[in-house]
Every structure is written in structure tokens, then in C-alpha cells.
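Quick look at what TrEMBL lists:
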COMPBIAS  15-25  compositional bias 'Basic and acidic residues'
DOMAIN    65-123  domain 'CBS'
DOMAIN    132-190  domain 'CBS'
REGION    1-25  region 'Disordered'
TRANSMEM  464-483  transmembrane segment
Amino acid sequence: MSSISGYTGGGSIADTRRKQNKRDEAIRKKIEGELARKRTISTTGGLRNQKGRKAIVGKGTVAALKPSPALTVPETISVSDASQLCAAKRTDCVLVVDDEEGLCGIFTAKDLAYRVTAESLDPRTTPVSAIMTRNPMVTRDTTSATEALQLMVQRHFRHLPVCNEDGNVVGLLDITKVFHEALAKVERSSTASEKLYSALEGVQSELGNGLGSNPQAAAMLAYVESLREKTALPDLTTVMDSHTQPATVGPRTTVLHPNDSASVIEDDESTAPKAGHGAISSIGGTASQVPAVPVDDGTYVFKFRTPSGRTHRFQARNDNIENLHDIVAGKLSTDPFFTEWDTNSTVSKPDSTDFQLQYTDADGDIVVMSSDTDVEDAVKIARTAHMDRVVLIIQGGKGWEAGAAQSEAKAKEVTEAAIVETKEVDKAEAAIEEAIVTAPPAEVHVSPPSPAIPDDVLGIPRDLILPASIGALAVVIIGIFTISRLTRD
């Protein structure tokens, strides 16, 4: 029974695909028929010279890259039809021509994403002329491929129309072709220098130490060594910035509103729902909606304490130990433990970059973070424990132990002073609350005048309780502050 159902499901999928292919083919033929009624821009005129002579293509020029034929559409066509034509032709760019068949714009997938989808426009009713990039820059087919690459990189172009000496568009240049050509040139030069260096090494091994006494041979080896260094293939670390974080979204993030995945986590006090009528109305208003699913944007909140007692909370990637280490090192470099070090001390100043990151696992053990996997494990443990942060432990290197005792004493002193001050303030507030006694509400009625009864609370007039309480609280706070300053000095 299962095999029959599987066969039926496979047949339905195949039928659906055939119908979709037929529909796409019909759309493609319809658009090509509409374009055939007009004379489009010639895509072969620049590659042919006069009759009976072959076209001469310069080596290293744009024409040598063989630009792809330019696909043109009228400016009155809708965005939906232009997108379907791009899908049928397996391209992501078309040139837009006006009624006089002159180039007036270019339409790319970037325009579709930035100016149609992001602006919530209807692609079926929006013409291409409303969202295209007008008056695009063009390049000559005799231009150097390197110059074309520099132009595309500086102006952030992915496509560049190519025209001949008559001003007719003969093709469309993609940046991938130019990049591959430049990369092939670098690889060829590097391979040639490697071969030359290997040959000279063979000659040096055969001649032995006698080659070093020859100044001409030594100069040639030095030149080849410098040539090898200049043409060496660089790795990705030379063009990547470890401090740059890529923008990431989750699988449930919508196409139109990518900012739904929160990139900054706010404090719990600001994000928690407030109790009261506002919270009740908010819950009642969204009861019928589906609750928002938290989106993993590739970051998490980390928290650590410096040797001077300061606490830092930040957000970083949850799968990169180098990024996490750099952020912690940057915050430690401004910590008083390192900036206020006594220069007259016999102990050398500790290095703010000499430390190890640690965390506490589910068993209560201290684990050292030494790889990206350790960061991911720490985040998983925090999420399992329903914690919104990972608490990091900073294990300092040499020189940290000398100032650790002094820093701990300072931190303990500050903490004790804060606790004492908090207790004194709490006592003052409790005394004020006990002194203030509110009378029960009485019914309003008219009664004959009676002798005035003194409205006192504990011998103090009721209207003087609040000023007296504020004054007493101010005196207590000033006294605590003075005592703490004298003790610290």
C-alpha cells in the first residue's frame, strides 16, 4: 500500500513540474514575441568589422572576456514580466530601452529586492521604468579588463554594459568573469615564479657552496626571492576583518521585514510586561495571534567581571572564540586594574591580553574555552538552563596575581559600603512608612461645629510629617556618605 501511495505522490509531483515548465515556456514565448516586433539593440555589430575581415580582439581587454549577449526589454514592461523573463533566460539583469531603442536604464535583482519587495510594491502593476537604475555607466570593448574590474569594484557594480566604437551595446559584462580573469592572471604569475625558484634551487643544490661566492648568482637569487614574495597567493585572512560581524537571519525571518530578528537584546526591566491595565489590555489584544517564535540570529549575551570589580555585559557571536576574545580584551584594556597600575611598583604591569576564557558547565565544573565548539556548548548550556546570558570567568596570566589581592580588597570594601548604605536607607524608609498613618475613609455628612481636635501623629502635626521625613532621610544619607569617605581615606 505504501509503494502505491509513493508512486502516486511521485506522479503528482512530476505532473506539477511539467505544468510549471509549460507555463514558463508560454510566458517566455509571449515576451519574446512582443520583443520581436521591435528592432532591439544589436548584440553582434561590435564583434564584426567590415565584410570579409575578421574581428581583432585584443588580449586582456573586455572583448576577450566574451561578454554575454545583452537581454533588452521595453521600459513599459511590468516588473513581474521582466522577472519572469530573467528566470526563463537564467540571468539576473536586463537592459531597458526607450521608444527610440536607446539605452535608458538597467534592471537587476538588487532593484527587485530593494525597490519592489522592500517598498511593498505590486510587481504586476509597477513598470520597470519606475524602479530601474537610470543612465547606467558603460565601458568600451577595447578597455582593459583590469580597469573594468576597478570601475566595478569602486562603483559597486555587478553588471556593466559594453559598447563598441559606434556606441552600440554589444554585450553585458558580469563581475564574476572579470574576477575569474584577474584570479587566473595571479595564479599564472605565481606558478611561473614558483617554477623559476625551483629551477634556481636545483642549480644551487648542484653547485653547492660555490654559488654563494658568485655575486651575480646571489643577486639573481635575491631577485627571485623578492619576486616570489610579491606574487605569492594570499589567504583569506589578508582580506577578512575579524571584527566585522556579518548580518544573519533565522529560517523563520520574513523576507519583507528582516529586522524582526532582534539584533540587540534589551534589559529584562525594559522588555518584561508591566503589571496593570496596560498589560491586561495588551494580552487581550494579542490573544488571537500566534506567539512570536524567538529567532536565533547567531549571537548571544555574555557577561564577565574584571579584576577591578567592574561587570560588563555585551552581545557577540555564539560560534567564534576569536571574536569573543577580542571583545573581552578590548574591555579589559580600559579597566582600572591595568590603566591605574603603580609605575613605581617592583612587579611588572600585567598584560590585558594574557588571559583565558572559562565557563561553568551543567555539572558545576570550570571549563576552558579554547575553540568555537566550546563557545557553542556554553550557549547551549545557558539556553537549556533558561538563562539569557553566559557568565564568563577570566583567568589571568602572569602578573595578574600580584594585583589580585589589592583589587579584591577594594571590591570588597566598595561592596560592604554599598550594603551598609542600603541598609541605612531601608531603615529610614521603614521609619517613615511607620510614622505615616492614613485615617480610614469616613462618610461625608454635615454636623454641628465641634471643638478642634489636634490632628497629630506621634506628637507631630500631620502636615509636617513629610518634610520632617525628607529632612531626616537627607541627614542619614549625608552622614553615611561622610563616614564612608573618612573610612576610605
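Any Cβ shown, glycine's included, is placed from N, Cα and C.
Keep in mind that TrEMBL annotations are predicted by a computer and have not been checked by a curator.
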Sort the residues of the domain 'CBS' (132-190) into helix, strand and coil with DSSP and give the three counts.
27 helix, 16 strand, 16 coil
What is the three-state DSSP composition of the domain 'CBS' (65-123), stated as helix, strand and coil residue counts?
21 helix, 16 strand, 22 coil
Secondary structure composition of the compositional bias 'Basic and acidic residues' (15-25) [DSSP: H/G/I, E/B, coil]:
11 helix, 0 strand, 0 coil
